[in-house]
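Trainee: Sharing the feature lines straight out of Swiss-Prot:
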type	residues	note
ACT_SITE	Asp203	active site, proton acceptor
BINDING	Thr136, Glu137, Val138, Cys139	ATP binding site
COMPBIAS	39-48	compositional bias 'Acidic residues'
DOMAIN	55-314	domain 'Protein kinase'
REGION	1-48	region 'Disordered'
Amino acid sequence: MPPNPTPPRRATTTTTRATSGVRRGEEEQGGMAVSASAGEEEEAFEEVDPTGRFGRYADVLGLGSVKKVYRGFDQEEGIEVAWNRVRLRALADRDPAMVERLHAEVRLLRSLHHEHIIGFHKVWLDRDAGVLNFITEVCTSGSLREYRDRHRHVSVKALKKWARQILLGLDHLHTHDPCIIHRDLNCSNVFINGNTGQVKIGDLGLAAIVDKTHVAHTILGTPEFMAPELYTETYTESVDIYSYGMCVLEMVTREMPYAECDSVVQIYHSVTRGVPPAALKRIRDPELRAFIERCIGQPRNRPSAAELLRDPFFAGIDDDDSTGTLG
(Lines of atoms letter the chains of each structure in order from A and count residues from 1; the text may use other names and numbers.)
(Lines give C-alpha, C1' and ligand atoms only; values in the text may rest on other atoms or scores of the structure.)
Protein backbone atom coordinates (compact mmCIF):
# COMPACT_ATOMS: atom_id res chain seq x y z
CA MET A 1 0.00 0.00 0.00
CA PRO A 2 1.35 3.49 -0.80
CA PRO A 3 1.89 5.84 2.11
CA ASN A 4 -0.95 8.18 3.12
CA PRO A 5 -0.85 11.45 1.16
CA THR A 6 0.01 13.57 4.18
CA PRO A 7 1.64 16.98 3.65
CA PRO A 8 5.44 16.73 3.38
CA ARG A 9 7.31 17.25 6.65
CA ARG A 10 9.25 20.42 7.10
CA ALA A 11 12.88 20.03 8.05
CA THR A 12 13.73 20.69 11.67
CA THR A 13 16.07 23.41 10.46
CA THR A 14 15.02 26.65 8.81
CA THR A 15 13.70 26.25 5.26
CA THR A 16 16.58 26.60 2.82
CA ARG A 17 16.67 27.91 -0.72
CA ALA A 18 18.82 26.98 -3.69
CA THR A 19 20.87 30.12 -3.02
CA SER A 20 21.45 29.37 0.65
CA GLY A 21 24.18 31.57 2.09
CA VAL A 22 24.16 33.97 -0.88
CA ARG A 23 22.35 37.31 -0.89
CA ARG A 24 19.94 37.98 -3.76
CA GLY A 25 21.74 39.39 -6.76
CA GLU A 26 25.16 38.23 -5.54
CA GLU A 27 27.36 35.36 -6.68
CA GLU A 28 29.30 33.17 -4.27
CA GLN A 29 32.98 33.27 -5.20
CA GLY A 30 34.14 29.69 -5.74
CA GLY A 31 30.87 28.37 -4.29
CA MET A 32 28.24 26.09 -5.73
CA ALA A 33 25.20 28.34 -5.92
CA VAL A 34 24.20 31.49 -7.77
CA SER A 35 21.20 33.51 -6.69
CA ALA A 36 18.22 34.38 -8.83
CA SER A 37 18.06 37.91 -10.15
CA ALA A 38 16.06 40.52 -8.27
CA GLY A 39 12.32 40.22 -8.75
CA GLU A 40 12.39 36.47 -9.53
CA GLU A 41 10.71 34.01 -7.21
CA GLU A 42 12.97 31.36 -5.74
CA GLU A 43 11.53 27.88 -5.22
CA ALA A 44 11.95 26.95 -1.57
CA PHE A 45 13.27 23.59 -0.45
CA GLU A 46 11.15 21.66 2.02
CA GLU A 47 14.33 20.28 3.57
CA VAL A 48 18.00 19.73 2.81
CA ASP A 49 20.33 16.82 3.49
CA PRO A 50 22.84 17.06 6.39
CA THR A 51 25.61 18.28 4.08
CA GLY A 52 23.47 21.00 2.50
CA ARG A 53 24.19 19.67 -0.99
CA PHE A 54 20.79 18.15 -1.81
CA GLY A 55 17.45 19.92 -1.44
CA ARG A 56 13.93 18.49 -1.56
CA TYR A 57 10.98 20.20 -3.20
CA ALA A 58 7.36 19.58 -2.25
CA ASP A 59 6.21 18.00 -5.51
CA VAL A 60 5.95 14.22 -5.60
CA LEU A 61 7.39 12.25 -8.52
CA GLY A 62 5.95 8.89 -7.53
CA LEU A 63 4.49 6.68 -4.85
CA GLY A 64 5.78 3.17 -4.26
CA SER A 65 4.84 0.35 -1.93
CA VAL A 66 7.55 1.35 0.52
CA LYS A 67 8.53 4.93 -0.31
CA LYS A 68 7.51 8.34 -1.57
CA VAL A 69 9.72 9.97 -4.19
CA TYR A 70 10.09 13.74 -4.40
CA ARG A 71 11.77 16.03 -6.88
CA GLY A 72 15.13 17.10 -5.55
CA PHE A 73 18.09 19.19 -6.60
CA ASP A 74 21.84 18.68 -6.39
CA GLN A 75 23.24 22.16 -5.78
CA GLU A 76 26.82 21.04 -6.37
CA GLU A 77 26.24 19.55 -9.82
CA GLY A 78 23.25 21.72 -10.76
CA ILE A 79 21.05 18.75 -11.68
CA GLU A 80 17.65 17.48 -10.59
CA VAL A 81 17.56 14.24 -8.60
CA ALA A 82 15.03 11.91 -7.00
CA TRP A 83 14.72 12.24 -3.21
CA ASN A 84 13.44 8.90 -1.90
CA ARG A 85 11.85 9.14 1.54
CA VAL A 86 10.71 6.17 3.65
CA ARG A 87 9.03 6.27 7.06
CA LEU A 88 10.72 3.32 8.73
CA ARG A 89 8.55 3.25 11.85
CA ALA A 90 5.29 2.91 9.98
CA LEU A 91 6.90 0.45 7.62
CA ALA A 92 8.25 -1.71 10.44
CA ASP A 93 4.82 -1.83 12.08
CA ARG A 94 3.21 -2.95 8.84
CA ASP A 95 5.91 -5.30 7.53
CA PRO A 96 9.24 -5.63 9.37
CA ALA A 97 10.73 -7.59 6.47
CA MET A 98 10.21 -4.60 4.20
CA VAL A 99 12.72 -2.59 6.22
CA GLU A 100 15.47 -5.08 5.46
CA ARG A 101 14.44 -5.18 1.78
CA LEU A 102 14.72 -1.41 1.65
CA HIS A 103 18.19 -1.49 3.16
CA ALA A 104 19.02 -4.18 0.60
CA GLU A 105 17.95 -1.86 -2.23
CA VAL A 106 20.21 0.89 -0.92
CA ARG A 107 23.16 -1.48 -0.58
CA LEU A 108 22.58 -2.73 -4.11
CA LEU A 109 22.33 0.73 -5.61
CA ARG A 110 25.58 1.74 -3.97
CA SER A 111 27.39 -1.20 -5.58
CA LEU A 112 25.96 -0.88 -9.09
CA HIS A 113 27.31 1.47 -11.74
CA HIS A 114 25.75 1.06 -15.17
CA GLU A 115 24.21 3.42 -17.70
CA HIS A 116 20.97 1.41 -17.78
CA ILE A 117 20.48 1.09 -14.01
CA ILE A 118 19.29 4.03 -11.90
CA GLY A 119 22.33 5.73 -10.34
CA PHE A 120 22.77 6.27 -6.61
CA HIS A 121 24.12 9.43 -4.96
CA LYS A 122 23.69 9.44 -1.17
CA VAL A 123 21.87 7.85 1.79
CA TRP A 124 21.29 8.97 5.37
CA LEU A 125 18.99 8.20 8.28
CA ASP A 126 16.93 10.85 10.05
CA ARG A 127 16.70 9.10 13.42
CA ASP A 128 14.49 11.73 15.05
CA ALA A 129 11.85 11.39 12.35
CA GLY A 130 12.39 7.67 11.77
CA VAL A 131 12.93 8.32 8.06
CA LEU A 132 15.45 6.82 5.67
CA ASN A 133 16.38 9.18 2.84
CA PHE A 134 18.35 8.33 -0.27
CA ILE A 135 19.14 10.33 -3.37
CA THR A 136 19.06 8.67 -6.77
CA GLU A 137 19.24 9.67 -10.39
CA VAL A 138 15.95 10.94 -11.81
CA CYS A 139 14.53 10.04 -15.21
CA THR A 140 12.70 13.06 -16.57
CA SER A 141 9.80 11.23 -18.20
CA GLY A 142 8.84 8.82 -15.43
CA SER A 143 8.23 5.11 -15.84
CA LEU A 144 8.13 3.36 -19.19
CA ARG A 145 4.48 2.45 -18.52
CA GLU A 146 3.53 6.10 -18.05
CA TYR A 147 5.58 7.15 -21.05
CA ARG A 148 4.04 4.53 -23.35
CA ASP A 149 0.55 5.53 -22.19
CA ARG A 150 1.30 9.15 -23.11
CA HIS A 151 2.82 8.28 -26.49
CA ARG A 152 0.58 5.82 -28.28
CA HIS A 153 2.23 5.88 -31.71
CA VAL A 154 5.75 4.51 -31.37
CA SER A 155 7.86 2.87 -34.08
CA VAL A 156 8.96 -0.73 -33.73
CA LYS A 157 12.50 0.58 -34.04
CA ALA A 158 12.06 2.74 -30.91
CA LEU A 159 10.51 -0.16 -29.02
CA LYS A 160 13.48 -2.36 -29.90
CA LYS A 161 15.88 0.30 -28.65
CA TRP A 162 14.07 0.42 -25.30
CA ALA A 163 13.96 -3.38 -25.10
CA ARG A 164 17.68 -3.66 -25.84
CA GLN A 165 18.60 -1.15 -23.15
CA ILE A 166 16.60 -3.08 -20.55
CA LEU A 167 18.51 -6.21 -21.54
CA LEU A 168 21.83 -4.42 -21.14
CA GLY A 169 20.83 -3.50 -17.59
CA LEU A 170 19.64 -7.04 -16.87
CA ASP A 171 22.85 -8.52 -18.24
CA HIS A 172 24.81 -6.32 -15.84
CA LEU A 173 22.72 -7.55 -12.90
CA HIS A 174 22.93 -11.20 -13.91
CA THR A 175 26.69 -11.14 -14.53
CA HIS A 176 27.39 -9.18 -11.36
CA ASP A 177 29.49 -11.08 -8.81
CA PRO A 178 27.45 -12.27 -7.01
CA CYS A 179 24.52 -12.59 -9.41
CA ILE A 180 21.57 -10.25 -8.79
CA ILE A 181 18.01 -11.30 -9.66
CA HIS A 182 15.67 -8.30 -9.89
CA ARG A 183 12.49 -10.37 -9.24
CA ASP A 184 10.08 -7.49 -9.85
CA LEU A 185 10.89 -6.27 -13.35
CA ASN A 186 7.88 -4.59 -14.94
CA CYS A 187 7.19 -1.43 -16.91
CA SER A 188 6.54 0.63 -13.78
CA ASN A 189 10.06 -0.23 -12.54
CA VAL A 190 11.77 0.81 -15.77
CA PHE A 191 12.34 4.53 -16.27
CA ILE A 192 13.03 6.71 -19.29
CA ASN A 193 14.50 10.07 -20.23
CA GLY A 194 12.17 11.08 -23.02
CA ASN A 195 14.50 13.65 -24.56
CA THR A 196 17.20 11.05 -25.19
CA GLY A 197 15.27 7.77 -25.20
CA GLN A 198 17.61 6.37 -22.55
CA VAL A 199 16.03 3.63 -20.43
CA LYS A 200 17.10 2.56 -16.93
CA ILE A 201 16.08 -0.23 -14.54
CA GLY A 202 15.09 0.88 -11.04
CA ASP A 203 13.26 -0.24 -7.88
CA LEU A 204 15.62 -2.99 -6.75
CA GLY A 205 13.87 -3.41 -3.39
CA LEU A 206 12.90 -7.04 -4.11
CA ALA A 207 16.17 -8.04 -5.75
CA ALA A 208 18.01 -11.13 -4.53
CA ILE A 209 21.75 -11.66 -4.39
CA VAL A 210 22.49 -15.32 -5.02
CA ASP A 211 25.57 -17.51 -4.80
CA LYS A 212 27.30 -19.46 -7.56
CA THR A 213 24.32 -21.82 -7.88
CA HIS A 214 22.23 -18.82 -9.04
CA VAL A 215 19.25 -20.31 -7.14
CA ALA A 216 16.83 -18.29 -4.97
CA HIS A 217 13.89 -19.45 -2.87
CA THR A 218 11.56 -16.57 -1.88
CA ILE A 219 8.19 -15.82 -3.52
CA LEU A 220 8.04 -12.11 -4.39
CA GLY A 221 7.03 -9.96 -7.34
CA THR A 222 4.15 -8.55 -9.38
CA PRO A 223 1.73 -11.39 -10.33
CA GLU A 224 1.23 -10.34 -13.97
CA PHE A 225 4.99 -10.49 -14.54
CA MET A 226 5.97 -13.44 -12.33
CA ALA A 227 7.39 -16.55 -13.95
CA PRO A 228 5.61 -19.80 -13.00
CA GLU A 229 8.68 -21.18 -11.20
CA LEU A 230 8.62 -18.18 -8.84
CA TYR A 231 5.66 -19.86 -7.17
CA THR A 232 7.68 -23.02 -6.53
CA GLU A 233 10.29 -21.14 -4.46
CA THR A 234 13.19 -22.50 -6.55
CA TYR A 235 14.33 -20.37 -9.46
CA THR A 236 17.25 -18.61 -11.15
CA GLU A 237 17.81 -15.30 -12.93
CA SER A 238 15.77 -16.66 -15.86
CA VAL A 239 12.67 -15.40 -13.99
CA ASP A 240 13.81 -11.91 -14.97
CA ILE A 241 13.84 -12.96 -18.62
CA TYR A 242 10.21 -14.07 -18.29
CA SER A 243 9.30 -10.73 -16.70
CA TYR A 244 11.24 -8.97 -19.43
CA GLY A 245 9.16 -10.75 -22.07
CA MET A 246 6.02 -9.52 -20.34
CA CYS A 247 7.47 -6.00 -20.33
CA VAL A 248 7.97 -6.18 -24.09
CA LEU A 249 4.40 -7.45 -24.45
CA GLU A 250 3.11 -4.46 -22.48
CA MET A 251 5.27 -2.05 -24.50
CA VAL A 252 3.79 -3.41 -27.73
CA THR A 253 0.14 -3.65 -26.68
CA ARG A 254 -0.08 -0.95 -23.97
CA GLU A 255 -1.95 -3.56 -21.95
CA MET A 256 -1.01 -5.29 -18.72
CA PRO A 257 -0.39 -9.03 -19.18
CA TYR A 258 -3.39 -11.10 -18.09
CA ALA A 259 -5.69 -8.07 -18.09
CA GLU A 260 -8.43 -10.56 -18.91
CA CYS A 261 -8.09 -12.09 -15.42
CA ASP A 262 -10.30 -10.74 -12.64
CA SER A 263 -8.10 -11.69 -9.71
CA VAL A 264 -4.60 -12.66 -8.65
CA VAL A 265 -5.86 -16.23 -8.23
CA GLN A 266 -6.91 -16.36 -11.88
CA ILE A 267 -3.53 -15.00 -12.93
CA TYR A 268 -1.82 -17.65 -10.81
CA HIS A 269 -3.84 -20.45 -12.43
CA SER A 270 -3.14 -19.15 -15.94
CA VAL A 271 0.59 -18.73 -15.31
CA THR A 272 1.14 -22.08 -13.61
CA ARG A 273 -0.85 -23.89 -16.31
CA GLY A 274 1.17 -22.27 -19.08
CA VAL A 275 -1.71 -20.24 -20.51
CA PRO A 276 -0.21 -17.15 -22.23
CA PRO A 277 -1.77 -13.70 -21.84
CA ALA A 278 -4.60 -12.96 -24.26
CA ALA A 279 -2.71 -9.88 -25.47
CA LEU A 280 -0.04 -12.11 -27.03
CA LYS A 281 -2.55 -13.45 -29.56
CA ARG A 282 -3.26 -9.92 -30.77
CA ILE A 283 0.33 -9.26 -31.87
CA ARG A 284 0.36 -9.45 -35.66
CA ASP A 285 4.10 -9.03 -36.17
CA PRO A 286 5.46 -12.62 -36.23
CA GLU A 287 8.99 -11.50 -35.27
CA LEU A 288 7.74 -9.63 -32.19
CA ARG A 289 5.52 -12.47 -31.13
CA ALA A 290 8.26 -15.08 -31.55
CA PHE A 291 10.69 -12.97 -29.52
CA ILE A 292 8.24 -12.63 -26.62
CA GLU A 293 7.37 -16.33 -26.74
CA ARG A 294 11.07 -17.16 -26.52
CA CYS A 295 11.37 -15.04 -23.37
CA ILE A 296 8.34 -16.51 -21.58
CA GLY A 297 8.96 -20.14 -22.49
CA GLN A 298 9.97 -22.94 -20.14
CA PRO A 299 12.87 -22.03 -17.81
CA ARG A 300 15.26 -24.51 -19.42
CA ASN A 301 14.57 -23.00 -22.86
CA ARG A 302 14.78 -19.33 -21.92
CA PRO A 303 17.87 -17.57 -23.25
CA SER A 304 20.08 -15.43 -21.05
CA ALA A 305 20.13 -11.65 -21.38
CA ALA A 306 23.45 -11.90 -23.22
CA GLU A 307 21.98 -14.42 -25.69
CA LEU A 308 18.93 -12.24 -26.30
CA LEU A 309 21.17 -9.27 -27.07
CA ARG A 310 22.54 -11.31 -29.99
CA ASP A 311 19.05 -12.20 -31.24
CA PRO A 312 18.27 -11.17 -34.85
CA PHE A 313 15.32 -9.26 -33.36
CA PHE A 314 17.76 -6.42 -32.62
CA ALA A 315 19.53 -6.42 -35.98
CA GLY A 316 19.72 -2.97 -37.54
CA ILE A 317 18.00 -1.03 -34.78
CA ASP A 318 20.54 1.78 -35.19
CA ASP A 319 19.66 2.21 -38.86
CA ASP A 320 17.96 5.45 -39.86
CA ASP A 321 15.02 3.78 -41.57
CA SER A 322 11.90 3.23 -39.48
CA THR A 323 10.55 -0.31 -39.36
CA GLY A 324 6.89 0.42 -38.78
CA THR A 325 4.75 2.03 -36.11
CA LEU A 326 2.81 0.65 -33.19
CA GLY A 327 -0.51 2.40 -32.66
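Placement of Cβ uses the backbone N, Cα and C atoms for every residue, glycine included.
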Trainee: Report, in whole Å, the straight Cα-to-Cα distance of the residue listed as 'active site, proton acceptor' from Thr136 (ATP binding site).
Mentor: 11
Trainee: Between Val138 (ATP binding site) and the residue listed as 'active site, proton acceptor', how many Å separate their Cα atoms?
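Mentor: Rounded to a whole number, the Cα-Cα distance is 12 Å.
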Trainee: Could you measure between Cys139 (ATP binding site) and the residue listed as 'active site, proton acceptor' for me? Cα positions, answer in whole angstrom.
Mentor: 13
Trainee: Quick one: give me the count of other CB atoms within 10 A of the CB of the residue listed as 'active site, proton acceptor'.
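Mentor: Cβ-Cβ neighbours of the residue listed as 'active site, proton acceptor' within 10 Å number 22.
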Trainee: Can you tell me the CA-to-CA distance separating Glu137 (ATP binding site) and the residue listed as 'active site, proton acceptor', as a whole number of Å?
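Mentor: With the alpha carbons as reference points, the distance is 12 Å.
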Trainee: What three-state class does DSSP give Thr136 (ATP binding site)?
Mentor: strand
Trainee: With a radius of 8 angstroms around the mean position of the C-beta atoms of Thr136, Glu137, Val138, Cys139, what other residues of the same chain does the ATP site pick up?
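Mentor: Checked against the 8 Å cutoff, the neighbours are Val81, Ala82, Ile118, Gly119, Phe191, Lys200, Gly202.
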Trainee: Across the domain 'Protein kinase' (55-314), what does the pLDDT come to on average, as a whole number?
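Mentor: On average, pLDDT over the domain 'Protein kinase' (55-314) sits at 89.
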Trainee: What number of additional C-beta atoms lies within 10 angstroms of the C-beta atom of Glu137 (ATP binding site)?
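Mentor: Counting Cβ neighbours of Glu137 (ATP binding site) within 10 Å gives 18.
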Trainee: Hey, what's the Cβ neighbour count for Thr136 (ATP binding site) at 10 Å?
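Mentor: I count 23 other Cβ atoms within 10 Å of it.
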Trainee: By a simple count, how many Cβ atoms lie within 10 Å of the Cβ of Val138 (ATP binding site), its own Cβ left out?
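Mentor: Counting Cβ neighbours of Val138 (ATP binding site) within 10 Å gives 22.
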Trainee: Tally every other Cβ atom lying within 10 Å of the Cβ atom of Cys139 (ATP binding site).
Mentor: 22
